[in-house]
Structures are given as C-alpha cells and as structure tokens.
Amino acid sequence: MAALGPLGRIARFGSSICRNHRLIYNRSPQRRGIASCIDPSHGLTDEQKEFQKVAFDFATNEMAPHMAEWDQKEMFPVETMRKAAELGFGGIYVQPDVGGSGLSRLDTSVIFEALSTGCVSTTAYISIHNMCAWMIDTFGNAEQREKFCPILCSMEKFASYCLTEPGSGSDAASLLTTAQLKGDHYILNGSKAFISGGGDTDIYVVMCRTGGKGPKGISCLVVEKETPGLSFGKKEKKVGWNSQPTRAVIFEDCAVPVANRLGAEGQGFGIAMRGLNGGRINIASCSLGAAHACVQLARDHLLVRKQFGETLSNNQFLQFKLAEMATRLVASRLLVREAATALQENRSDAVSLCSMAKLFVTDECFDICNQALQMHGGYGYLKDYAVQQFVRDIRVHQILEVQNAADEC
C-alpha cells in the first residue's frame with residue numbers, strides 16, 4: 001500500500017466521486033448562494049480537491065447513515081474506520097515508507113473537516129489515532145516505526161493517547177504516573193483519565209515520569225494492550241463523542257520494555273506538546289465539519305418550515321443570522337488552514353497559530369451549531385434531527401487539547 005502513494009490510493013476511486021454530495025454541490029437556484037460562499041474547496045489545489053471529494057463521499061455513504069445509531073448504541077465502528085484506512089486515512093501525515101499517506105497538515109485538515117460532516121465523534125477518534133501514529137513515526141527509531149506504524153496506518157491496530165490524569169489536565173507537566181527503570185524494563189504505576197478508545201484500542205502512547213518534577217522529567221512509552229499490569233476503568237457515560245469509548249487507563253507494576261521508549265529520557269513533554277500542536281488543528285478541523293453541516297441543515301430547515309403563512313427563509317432576521325453563521329464558518333476555516341500551513345512549514349508563529357485556531361474555531365463552530373439548533377425550534381431538540389448530535393459532539397472540543405479558558409491565559 002505504501003508504494004502506491006496517497007493520491008494513487010485515492011484516485012482509483014474515480015474523479016467523479018462525491019459530485020452529488022449535498023454539502024458542496026446543490027444545483028437548486030434557491031440554494032446555490034450560501035453553498036457557494038461556504039464551499040470548502042475554495043483555494044485548494046486540484047489534488048486536494050480530489051481527496052477532499054473522497055473524504056466527503058466516505059462521510060456521506062459510510063458514516064452519516066450510521067451516525068445516530070453509533071451515538072445511541074455507543075458503538076465503536078471498527079470496520080468503518082478500517083475502510084477509511086484503505087483510503088489512506090489511518091496515517092494521513094505518516095511517511096509512506098511505513099504505510100502512511102505522507103500528506104501535509106493542510107491536506108489533513110481538509111480531510112478531517114470533510115469526514116466530520118458524516119460523524120464528528122468517529123472522525124475525532126481517527127484524528128487522535130493519526131496523532132499517535134505520527135508521534136511514533138516522527139520520534140521512533142527504525143525498529144519502532146517498522147513495528148507499529150504499518151499496523152496503525154492500516155488500522156489493523158488502534159491507538160490511544162495517554163497524557164491527561166485525574167489531577168493534571170491542562171497542567172500536563174505536573175503528571176504523576178511514574179516509570180521506574182529496572183533492568184531492560186520500565187515499571188509503570190499511575191493512571192490516565194478520559195482516554196479516547198481506552199480499553200478498546202491496542203496501543204497506548206503514554207507520557208510518564210522517569211525523572212524529577214517538571215517537564216524535563218517526562219518520557220514517552222508505547223504500551224501494548226496485552227502488557228501485564230495494564231487495566232481499564234469503567235466506560236464513561238458522556239454527553240457526546242459516543243462512538244468512541246472513554247475510560248481510565250491504569251498501570252499497576254506494568255512492565256514495559258525500554259525498547260518501547262520514544263526518544264531519550266526526558267523528551268516526553270516535548271513530544272507531547274508537538275503532538276498537541278497538530279492535535280489542536282485536527283480538532284478545530286473536526287469542528288469546521290460540524291459547523292459546515294449545521295449551516296446546511298439550518299438552511300434546509302428554513303426553506304421548508306412555514307410560520308405565519310410563509311417559509312422561515314423569508315424572515316429577514318433569520319437570513320441575517322444565517323449570513324453571520326456562514327461568515328464565522330469561513331473565517332474559522334481560513335484561520336485553521338493558516339495554522340496548518342504554518343505548522344507544516346515549521347514557522348516561528350506555528351505554535352501560537354495552532355492555539356489561536358483551536359481557541360477561536362472551537363468556540364465559533366460550537367456557536368454556529370447551537371444557533372442552527374435554535375433555528376430548528378423544538379425539532380432541533382429531537383434526536384431524529386442530526387443537528388442536536390453535532391451540538392453534543394462538538395461541545396467537548398472547547399475542553400480537550402487544553403481547554404479554551406487555559407489557552408487564553
């Protein structure tokens with residue numbers, strides 16, 4: 001698969017993919033205006049438009065029809081995600097020599113935005129999995145890359161990122177999970193909280209303390225699920241993100257080979273922060289997809305819902321509201337793409353832009369989705385209508401990857 005290359009994998013599905021996707025193309029004269037204004041393909045290269053079409057098509061055909069069921073039944077859609085991996089979405093910015101697609105951060109943002117129109121929760125997990133695979137690809141040695149990256153890029157195995165603890169969220173440098181060196185193994189003790197995929201995934205990228213206090217005492221270990229001493233807490237009941245399980249990850253005298261350490265001792269905090277820079281763009285991109293879908297859902301509802309003898313689309317106040325939503329969506333997209341480009345180019349402003357994008361875009365996109373629900377009136381509060389799930393799924397984006405109140409500090 002690696003030899004074929006990302007565009008080869010994508011192109012085989014045909015250049016006509018997703019021509020009828022309603023979130024981009026709508027030939028009705030009434031609806032063409034706003035669809036054109038918020039078209040997420042604006043400014044992209046032909047190649048980027050091609051794999052964007054593939055991602056939208058996958059979201060429409062493989063994710064959106066099951067989004068509500070995955071949410072209600074709390075199903076982790078393993079087989080659907082493996083289908084996404086066949087398109088190259090299991091290791092989007094992992095290098096091709098170990099099975100990745102080798103795409104850029106901007107390309108990745110475009111893909112995650114498109115996939116999120118079909119299911120935010122599932123796409124958000126895929127983005128976390130991608131971050132873990134990238135960390136191993138970037139900071140692992142040749143043996144580690146060959147061992148872990150191919151099975152992650154194919155999604156034969158799934159990964160979780162373990163940084164947050166019960167007593168340390170945004171203050172990641174204060175983490176308490178310890179890893180004591182004994183011979184050729186580290187003995188881990190401690191616990192991680194709110195871990196996406198926890199208990200259902202196979203590979204855990206764990207930040208732990210091998211040295212003294214502060215960030216310089218933190219190292220990064222890859223822990224495999226079958227390792228003795230690794231266990232999991234109860235499956236959490238959440239407001240949203242229900243297509244991915246969330247559990248505590250617990251280490252009790254868990255022996256991990258030294259060979260599974262990424263980088264040198266003391267480099268873990270830097271690895272974690274570099275991972276989170278991309279993670280912030282990824283989660284902001286998932287927010288864009290939700291907001292894009294909700295603008296379309298609101299528009300469609302206004303066109304058919306009648307009050308006082310005419311459709312709500314003729315109400316000037318609601319027209320203004322919809323225009324504001326579209327404006328905030330496009331502004332958010334521009335900021336995310338600028339941050340993604342800065343990170344790819346390793347610019348000096350990249351870290352700041354990633355934080356700005358996560359802060360601004362997750363807030364703006366939640367407001368867009370919430371306003372879309374409001375426009376639906378009582379119908380928006382029913383689970384038969386997708387808008388409420390977008391609102392529930394996107395809310396946590398303002399909390400994770402360093403909560404927004406902390407990003408403002």
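Note that Cβ sites are derived from N, Cα and C of the backbone, with glycine treated the same way.
Where the annotation comes from TrEMBL, it is an automatic prediction and has not been curated.
Lifted from TrEMBL, the feature list:
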- E401: active site, proton acceptor (ACT_SITE)
- 45-156: domain 'Acyl-CoA dehydrogenase/oxidase N-terminal' (DOMAIN)
- 161-254: domain 'Acyl-CoA oxidase/dehydrogenase middle' (DOMAIN)
- 266-401: domain 'Acyl-CoA dehydrogenase/oxidase C-terminal' (DOMAIN)
Around the Cβ of the residue listed as 'active site, proton acceptor', other Cβ atoms found within 10 Å total 28
Counted with DSSP (H/G/I as helix, E/B as strand, rest coil), the domain 'Acyl-CoA dehydrogenase/oxidase C-terminal' (266-401) has 113 helix, 4 strand, 19 coil
For the domain 'Acyl-CoA dehydrogenase/oxidase N-terminal' (45-156), the DSSP residue counts stand at 84 helix, 0 strand, 28 coil
